[in-house]
Amino acid sequence: MSYPTLIFTPGEPAGIGPDLILKVAQQPLEAAVVVCADKNMLRERAELLNLPVTFHKYEKGQKVPKHEAGHLWVEHLPVCEPVTAGELTVANGHYVVDCLKRASDGNLAGEFDAIVTGPVHKGVINQAGVAFSGHTEFLAHEADCNDVVMMLATEGLRVALVTTHIPLAYVSKAITKERLTNILTILHNDLTNKFGEVQPKILVCGLNPHAGESGHLGHEEIDTIAPVIETLNAGGMNLHGPYPADTIFQPKYLDDASAVVAMYHDQGLPVLKYKGFGQAVNITLGLPYIRTSVDHGTALDLAGTGNINDGSCRLAIQTAIDMANASYYE
Ligand SMILES: NC(=O)C1=CN([C@@H]2O[C@H](COP(=O)(O)OP(=O)(O)OC[C@H]3O[C@@H](n4cnc5c(N)ncnc54)[C@H](O)[C@@H]3O)[C@@H](O)[C@H]2O)C=CC1
Ligand SMILES: NCC(=O)COP(=O)(O)O
């Protein structure tokens, strides 16, 4: 029986990413897992957390066995400075990005079937001198993709974003007809082809309060969002809106919807996280490979304590496995 091979990047070494994979590794998985990280940092964290793990060296291109409880296959990339759980070190910003680059290259080359990412600290990477706004943007750039879609999903709700990690002051200008068309097209196609939705019903938020109140509270709905919806529906999509974001998130609208599209990060994600924090997965649509991630950040306050919820990490791994298995039959 075949199984997919995932590469896991724990992200910020001082955060809970290493703790998550060490904890998840205590149970079997229906996939092989290669962790791209500093092996000594992982060993020290496992000792701190009192988690029994046997580490194996991963050699590029090697066939890794299906994950067994208590074993981890590691591609060693050394940190620049020793790591203390909970304490950021600017010098390790480059290490975090190098791990992501390795995972991206491996997926683009077909060495792995998916990337699952742990949380990074965007601030410390920038402090290290690397312009970095998020995994989504970094992986899109590495894969030469103009537009990808950040979609977070929990039981009963999927939220996709038109803009991701940009200052609020830039959001309006970033919502062009072209970008919105691309985001909605990627979302429609992936919901259909990768998530088995038939004619997915997609609810689209407006940008302004009360979706612009017929132009009295803003014009993006009239000038950009409604015309794009109309054009794409004429081509066969099932898009609805623009709706006021403060009222669309209620069961009578959501129950038969496949996804909600929010115009910006904090319009949609607080709702998603209120509903399912710790039980949600972040999926990047539109990349040439599968990428999933946790729904939370580095939680520096909890690193090395063992007092963490690994539910989102498990879901991110399971979603990557399910998507990889489904793609074998495409
Ligand atoms: N996927 C990623 O790489 C993400 C990275 N971040 C980054 O994380 C850093 C910290 O961001 P914050 O806003 O503080 O969010 P955070 O998610 O790290 O922490 C928010 C609160 O949730 C708790 N928490 C987070 N994950 C938890 C878990 N698995 N189990 C138990 N409690 C948990 C934390 O202890 C804290 O109280 C920022 O630099 C941000 O950019 C944030 C979200 C996603
Ligand atoms: N709120 C989601 C988030 O910030 C994670 O983004 P990314 O690093 O996966 O692009």
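Cβ atoms are placed via backbone N, Cα and C, with glycine included.
No curator has checked TrEMBL annotations; they are predicted automatically.
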Given TrEMBL lists HIS210, HIS265 for divalent metal cation, the same-site residue among HIS121, HIS135, HIS141, HIS165: HIS165
Substrate binding, same site as HIS135, THR136, LYS273, ARG291 - TrEMBL member from ASN126, ASN282: ASN282
Annotated binding-site residues THR136, HIS210, LYS273, ASN282, ARG291, filtered by Cβ under 6 Å to ligand 2: THR136, ASN282
Which of HIS135, HIS265, all binding-site residues, has a Cβ with the fewest other Cβ atoms inside 10 Å: HIS265
Densest Cβ neighbourhood among HIS165, ARG291 (binding-site residues), 10 Å radius: ARG291
HIS135 (substrate binding site) - helix vs strand vs coil (DSSP): helix
Cβ contacts of THR136 (substrate binding site) (under 8 Å, same chain, 6 or more positions away): VAL148, MET150, THR164, HIS165, THR284
Cβ contacts of LYS273 (substrate binding site) (under 8 Å, same chain, 6 or more positions away): LEU152, ALA280, ASP295
C-beta crowding around ASN282 (substrate binding site), within 10 angstroms: 25
